[in-house]
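Here is what TrEMBL says about this protein:
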DOMAIN    11-131  domain 'NusG-like N-terminal'
DOMAIN    141-168  domain 'KOW'
Amino acid sequence: METAKKPEQIEPHWYFVQVASGCEKKVKANLEQRIQTLEMNDRILKVEIPERQAIRIRQEGSRASSAEKIFPGYVLIQMVMDDESWQVVKNTPNVINFVGTEERRRYGRGRGHVTPRPLGSAEVNRIFRAAEQEEPVIKVDLEPGHKIEVTAGPFQDFNGEVVEVNPERGTLKALISIFGRDTPVELGFSQVRRLDE
């Protein structure tokens, strides 16, 4: 007859947990407090929100640096999976469910029972490497297909459509109708304004 393994003998794994959108930091704080209160430090080891640096270039050309969540709506937890640790995580406010395989429900709606799936070591390494990335990700409020109005320079007051964005140089290429023909023109981010549709 096989005896049940004690939690100390079971290997901890990383799991993704889906949380309410925008509540990642609140879930992390609540879960860390619950871990201390319920003395689960030996079974729930780490709670992480993978983030990377991003530089957002605004329309007027200003740059703003911020931390951007790699997986919005998800938290990574390193834990020893057993009934008690599962309940602690699952019953934390704003936690929706573990990511894993779902067993089919015969009746009712919504998610059935989800069997948590541990992440492989290669997946975990890839996630943390992305978070430690030296080069910040550059984000721009303008994308190909957006309608713009030129606000400065020789094409001021012309309207066009963005066809290419070059965040590193702070420029974009747009098609502007000049004398009835679409002409590609390179403009700086500070020379254009996005037209809201």
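Glycine is treated like the rest: Cβ placed from N, Cα and C.
TrEMBL does not curate its annotations; it predicts them automatically.
Keep in mind that this is a model prediction, so the values were computed, not measured.
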Residues outside the domain 'KOW' (141-168) whose C-beta sits under 8 Å from one of its C-beta atoms, at least 6 past its ends, are 56-59, 174-178, 184-185, 187, 189-195, 197
Secondary structure tally of the domain 'NusG-like N-terminal' (11-131) (DSSP, helix then strand then coil): 33 helix, 42 strand, 46 coil
Summary of DSSP states over the domain 'KOW' (141-168), given as helix, strand and coil counts: 0 helix, 12 strand, 16 coil
